[in-house]
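A short write-up of the structure that comes next.
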Amino acid sequence: MYRSDVVSEESERTAFRKAEKKYKIYYDNNKKKKIARPVDLSEVVDFKSILERYNCNGELMEGVSVLTCDFNRPIFCLESRPGFYFIPGALSVGEQCQWIRESLTSFPQPPDRTNHNAIYGPIEDLFVSAKEGKVLVLDERLPDDVSLEINVIQSDTDAPQWKFVEELDASHGRDVSKSVPASVLLRKLRWSTLGLQFDWSKRSYNVSLPHKKIPDALCQLAKRMAAPAMPRGEEFQPEAAIVNYFGLGDMLGGHLDDMENDWSKPIVSMSLGCKAIFLLGGKSREHPPIAMFLRSGDVVLMAGEARECFHGVPRIFTDAENAEISQLESQFAGEDDLPYLNYIRTSRININMRQVF
């Protein structure tokens, strides 16, 4: 699904890599508190400001145009990147909260796969287990005479079997070296896959892997968002998705999404949570990328020539001043919403929908 060039001394000197290093978060040495070094954001394109100016007086910055179509809000294009479309604030706050909840509770559920499968096999109810303070332990380490509320996990072939149990310390006879708190696993969740599953070892879709159907509501949303970038007379058919999870300091290196059959069909990318910087380069890493802000609710479409452009996320903003999630904080106001609020205050989620065939 992703292709990145092999890291070498030469790739470290490319224009794309220089931009990644420019915007990546670095810290000054401070024993009392980690303080992020200031970064120059003056060259980052801000489509929120572009939208506000366009709605006020119809003006656009140089190199940006508006797509003429019957969509319900302005869609901006970059004249230097044909096939790239940016829809600021495309998702309502209610929709953002809905898909944040689904991304944490439903999307990582087996048989759909996550980055944890390789080590622990499929993990059931990760978010709920983290909320309840449970611990993942090797099944073979569980004493036969201990009666606990346990979520049994059917592991991958040749992988050890793991179970969630109520948190117990070493005095209960449990080998703490073979246990992982669910809260740690949640923070180390990096991706989950929906619909057709991607085989990362073979870099191709494996239609034989078991999977759940992508939720119909998400499919309908993706179809509506994709419509402006679709070939005339065709409708987007969501067949697979990858959900990326970002925490403080995480980044997504420059890559291509090049494993789908028809690049005329767009990738539909929905941003949720903390603000990020997105880099959109060219067909070579030597091509200087354009940096832009991605906020919660923004949607990006990449089709045609834009599918051949390297792109990545070098930084997310988790500090209160720059994260820009006040609307989400207001929406996640109930007692039951607190676990979602605590997660999204320091995280970003990105849902990428794809038509494979």
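Each Cβ is built from the backbone N, Cα and C atoms, and glycine gets one as well.
The structure displayed is predicted, hence computed values, not measured ones.
Annotation source TrEMBL lists domain 'Fe2OG dioxygenase' at 237-357.
Counting every protein chain shown, the number of other Cβ atoms lying within 10 Å of the Cβ of ASP257 (Fe cation binding site) is 19. Taken from TrEMBL, the feature Fe cation binding site covers HIS255, ASP257, HIS311.
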Helix, strand and coil totals (DSSP H, G, I; E, B; other) for the domain 'Fe2OG dioxygenase' (237-357): 25 helix, 48 strand, 48 coil
Among HIS255, HIS311 [binding-site residues], residue with fewest other Cβ within 10 Å: HIS255
For the domain 'Fe2OG dioxygenase' (237-357), the mean pLDDT of the predicted model: 96
